[in-house]
Every structure is written in structure tokens, then in C-alpha cells.
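TrEMBL has this to say about the protein:
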- His113, His117, Tyr134, Asp301: divalent metal cation binding site (BINDING)
- Tyr134, Val135, Ser136, Gly137, Gly138, Asp166, Gly181, Asn273: substrate binding site (BINDING)
- 28-307: domain 'Gcp-like' (DOMAIN)
Amino acid sequence: MIALGLEGSANKLGIGIIQHDANGKATVLANVRHTYITPPGQGFLPSDTARHHRAWIIPLMKQAFAEAKISFSHIDCICFTKGPGIGAPLNSVALVARTLSLMYNKPLVAVNHCIGHIEMGREITGAQNPVVLYVSGGNTQVIAYSQRKYRIFGETLDIAIGNCLDRFARVISLSNAPSPGYNIMQEAKRGNQFVELPYTVKGMDCSFSGLLSGVEAVANEVMDEKNPNKITKQDLCYSLQENGFAMLVEITERAMAHVGADSVLIVGGVGCNDRLQQMMGEMCSDRGAKVYATDERFCIDNGIMIAQAGLLAFKTGGICSLEDSTITQRYRTDDVHVAWRE
């Protein structure tokens with residue numbers, strides 16, 4: 001079976017084509033992506049992001065099929081991101097999915113974006129039943145599978161860790177290319193002075209709004225010419241990462257202890273961060289556990305993860321009618337019935 005996956009929940013537009021053999025082994029036939037990048041100091045507006053997706057989706061589609069060396073007749077199902085995400089870009093991509101379904105008479109599969117990250121991470125790394133840390137620009141969740149659902153054990157109470165990093169990158173005018181989080185990671189490697197910042201963990205949940213407000217306040221002092229402590233922007237990026245990632249490691253370890261897990265899978269765009277992987281690796285080493293992560297091809301939003309999760313759902317009857325092929329900006333991970341796992 002071959003599935004086409006369309007992802008466009010935020011500023012990245014991805015098209016993926018995946019093939020499953022008779023034993024369920026996955027082969028990536030194509031995984032192409034284009035990112036809407038704004039000038040330094042600016043975020044991305046929903047209308048502009050949707051316009052970007054509409055302009056690029058046909059060229060990306062052609063590129064994906066050229067790389068896969070197949071035609072549309074080989075496709076068994078069309079998978080699209082139903083949510084969560086930003087309304088306007090989600091709608092743009094869902095519209096294309098519906099159009100293709102009608103044109104080529106192919107079934108539709110609506111995919112939860114978070115489930116896409118998890119299933120692609122499991123496929124690529126071989127992780128069987130890990131505690132999942134899902135960290136991105138819009139989501140921060142600690143997840144474990146139980147009884148046909150991915151259960152959320154802990155999550156952010158306000159903004160996501162990725163949003164925290166992105167917004168601070170705007171404060172200090174870092175470039176948005178290739179991504180704000182990547183540039184903060186590079187700046188943090190040059191920091192050597194730790195600045196004390198708010199650390200907020202409440203049970204299994206955490207909060208990043210206070211951390212962001214705290215580092216912004218210090219940044220305003222840094223930008224002042226007097227700056228008596230000689231704190232640099234690099235020091236602030238370093239301190240922001242250390243604080244935020246320590247919170248994530250703490251609640252992940254607590255979830256591991258609760259369910260008796262021996263592995264952690266890190267997914268989502270922030271999962272590419274070297275320092276987060278290192279800190280999680282140190283915690284897992286102390287527990288005799290293993291940490292799994294993917295590279296930027298699969299941790300950053302992409303179409304192949306939507307194709308993977310969609311094809312798993314399709315093989316267990318998860319077809320979406322045209323009438324139900326709407327999008328929802330608030331589509332929780334634990335709302336999905338995971339029929340393909342025992």
C-alpha cells in the first residue's frame with residue numbers, strides 16, 4: 001500500500017509518500033518540504049502562511065511524485081492533517097486533499113498532527129513502547145500509550161516550549177532561517193554564564209510563560225549599554241535552554257517512573273535540539289533506560305509522518321468521509337482511537 005501525506009499545520013508545508021510492504025515495513029518514497037520564513041523579529045500570520053502553502057503545494061506535489069517515481073494511480077489513500085494547528089494553513093491543505101480525493105476517486109484519511117510525529121518516530125527509531133516527549137512550537141506533552149489511546153501524562157499549562165524559544169528569538173532579533181529554535185541552540189553553545197530564571201513545574205505539568213517573561217526582562221537589561229554584569233545574548237540563550245529543558249526532563253522522568261518505561265522517544269521540532277537530547281540521555285543513562293530521537297527530516301513538521309500515521313489508520317478502517325474532512329485547531333492527542341496498536 002502507498003499513501004500520500006499532506007502537512008500544513010503551521011509555517012512548514014510538507015508532502016510525503018510512503019509505502020508499506022506485506023509485513024508492514026515502511027519505505028519512504030518521497031519527503032519534501034518548504035518553509036515560510038519571515039524577517040528577523042517577526043512571526044508568521046495565518047493568512048500569509050496559508051498564501052505560502054497555496055503557492056507551493058502544487059510544485060511540491062510534482063517534486064514528490066518525481067522523486068517517488070510513481071503516478072497518482074499508485075496511491076491507495078490521501079492523508080491530511082486535520083489538526084491541531086493554525087486554521088488558515090490547515091484549511092488550505094485540507095482543501096487540496098479533498099480536491100485530489102474527488103479528482104482521482106481516492107479515500108481520505110484525517111490525521112492528528114501529534115500522532116503523526118509519534119508514529120513516524122516509532123517507525124524510524126524502532127522504539128516499541130516508549131514514554132513520548134512531544135515538543136514543538138505549538139505543543140508540549142508527555143505521552144504514554146495505554147488501551148488504544150496515547151494518554152497525556154503531563155503538558156504545558158500555557159505556551160509550548162517551542163513557542164517560548166521562537167518568541168525569545170524575536171526579542172533578540174535572531175534570524176528565522178532555518179528556524180528560530182535552531183539559531184537559539186547555536187547561540188547557546190557560545191554562552192558560559194548561567195542566569196537564574198523562573199522554573200515552573202506543577203506536578204506533571206509545566207509552564208513556560210514565566211520563563212519567557214523572565215528572560216525577556218533580563219534581555220532588556222542586557223541591551224542597556226550600562227549592563228553591569230556583562231551578560232550576553234548567548235548567555236541568555238544558554239540559560240533559557242537549560243531551564244526549559246530541565247523542566248521537560250523532570251516531568252518525563254516522573255512519567256517513566258509511573259509507567260515503568262525503559263525508553264523515551266523525543267518527537268517534534270524542538271526534538272532536534274542537541275542539548276535537549278543530551279540532557280534526556282543523561283537522565284536515561286542514570287535510570288538504565290534508552291533515549292530515541294530522529295533527525296530534522298522527521299522531527300520537523302513533514303508530510304511523511306502524516307502519510308505514515310494515515311496509512312496505519314487506513315489499514316484498520318480509518319477512512320474519513322468528505323463531509324467530515326474538516327479541520328480543527330484543537331485536536332488533542334488523547335482524542336484519537338489508536339486502532340492499529342494492541
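Cβ atoms are placed via backbone N, Cα and C, with glycine included.
TrEMBL annotations: computationally assigned, not manually curated.
Sitting within 8 Å of the Cβ centre of His113, His117, Tyr134, Asp301, and not among those site residues for divalent metal cation, are the Cβ atoms of Ser9, Cys114, Gly116, Ile118, Ser136, Asn139, Val267, Gly268, Gly269, Met305. Across the structure, Gly137 (substrate binding site) and Asp301 (divalent metal cation binding site) place their CA atoms 10 angstrom apart. Neighbour density around each Cβ, counted as other Cβ atoms within 10 Å, peaks among the binding-site residues Asp166, Asp301 at Asp301.
Counting only the Cα atoms, the space from Asp301 (divalent metal cation binding site) to Gly138 (substrate binding site) is about 11 angstrom. Among the binding-site residues Gly137, Gly138, the residue whose Cβ has the fewest other Cβ atoms within 10 Å is Gly138. When other Cβ atoms within 10 Å of the Cβ of His113 (divalent metal cation binding site) are tallied across all protein chains shown, the result is 27. Summarising the environment of Asn273 (substrate binding site), the number of other Cβ atoms within 10 Å of its Cβ, over all protein chains shown, is 26. The distance from the Cα of His117 (divalent metal cation binding site) to the Cα of Asn273 (substrate binding site) comes to 16 Å. The number of other Cβ atoms within 10 Å of the Cβ belonging to Val135 (substrate binding site), over all protein chains shown, comes to 30.
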